[in-house]
Amino acid sequence: TRSLSITSLDQSMFEKAQGEKVTLPCTFVLSEEDEGPLDIEWVLIPADNQKKEQIIIMYAVDRIYNHYYAAMTERMQFTNPDPRSGDGSLDILNLKSADTGTYQCKVKKAPGVQSQKIQLTVLVRPARTKCSIEGSQEIGKDVILKCASQEGSPLLSYDWRRVSGTQELPATSMLNKNTGELLLKNASQDYSGTYSCVASNRVGTDECSVELNVTPPINTAGIIAGAIIATLLGLSVLAFLVFYYCKKQREKKYEKEVHHDIREDVPPPKSRSSTARSYIGSNRSSLGSMSPSNMEGYTKTPYSQVPSEDFERTPGQNPTFAPSKVAAPNLSRMGAVPVMIPAQSKDGSIV
């Protein structure tokens, strides 16, 4: 007795790139004994056995139901609008990495029941691949060219090629296809040029490039010597500025001290002996110029009012004056009042 059977059993695994379209096949043949209503279900079996199966689309009682799985509501459909023709295949549009999983097609028409499982893997193409250079680009140094994709499903493979010059990798180069590193040992100027890296997986490729410029070693000794000279020059300038500042401060301080000494330096007072002599001399000149009519007031002035002199001298320094007698001139002839001239005694007082 012949019953319902599924004919699309040749391919059970599919690998597609993200964004592409996939058709999961499910074709079947009915038998004469299958008299019940036709029922077709597509179920997503989760990788976690603890989770339940999720119906994503169903055909039953001549009607299509596709609202069970919101993540694919607008991205899935039956390949044939009328599955009764024996084609219950499923189309999934704009694939996403989350669509990866096991899908099962169940066909029921009583009393026959058949199912088929298909493994779908959605891969991501390599994208945002970046190239870089690690190490000093000097002659004799080891240089590493690095290549890495920011996106892409494993297993990613990397391949380097030279796009300028001889277009062949240097003889000393070592390539790691899994990490994308190209080691160039003992680099020379002949290694200079443009290098390109191609990242690939089973669904696509991506590419980047980098420019390598191998140069002679930098004159480190000259740089160090220049830095030392510049430092010494800077210290010399700083020392000169400090010296100049200190010199200016000392000059200002000296000017202030000199100005202060000049203002406080008061002329010494005149000695009393000189004051007394000045007083006597002024009186003599006055007497010599006066007439006999106004001499009367001066003759009555007592000599006790003449300022006395107190010399601050040691006893050995006091000069000894011998009393002298001054002969009075004939005042009647001169028409002047006689004036007595004071003399200094041995003790320094005026007599």
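Along the chain as shown, the residues are counted starting at 1.
Quick reminder: no glycine exception, Cβ is built from N, Cα and C everywhere.
All annotation found in TrEMBL is predicted automatically rather than curated by experts.
Annotated in TrEMBL:
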COMPBIAS  258-267  compositional bias 'Basic and acidic residues'
COMPBIAS  271-307  compositional bias 'Polar residues'
DOMAIN    18-121  domain 'Ig-like'
DOMAIN    126-215  domain 'Ig-like'
REGION    258-327  region 'Disordered'
TRANSMEM  223-246  transmembrane segment
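Across the residues of the domain 'Ig-like' (126-215), the predicted structure has a mean pLDDT of 94. Each residue of the domain 'Ig-like' (18-121) gets a DSSP state, and the totals for helix, strand and coil are 9 helix, 50 strand, 45 coil.
Residue counts of the domain 'Ig-like' (126-215) by helix, strand and coil are 3 helix, 51 strand, 36 coil (DSSP-based).
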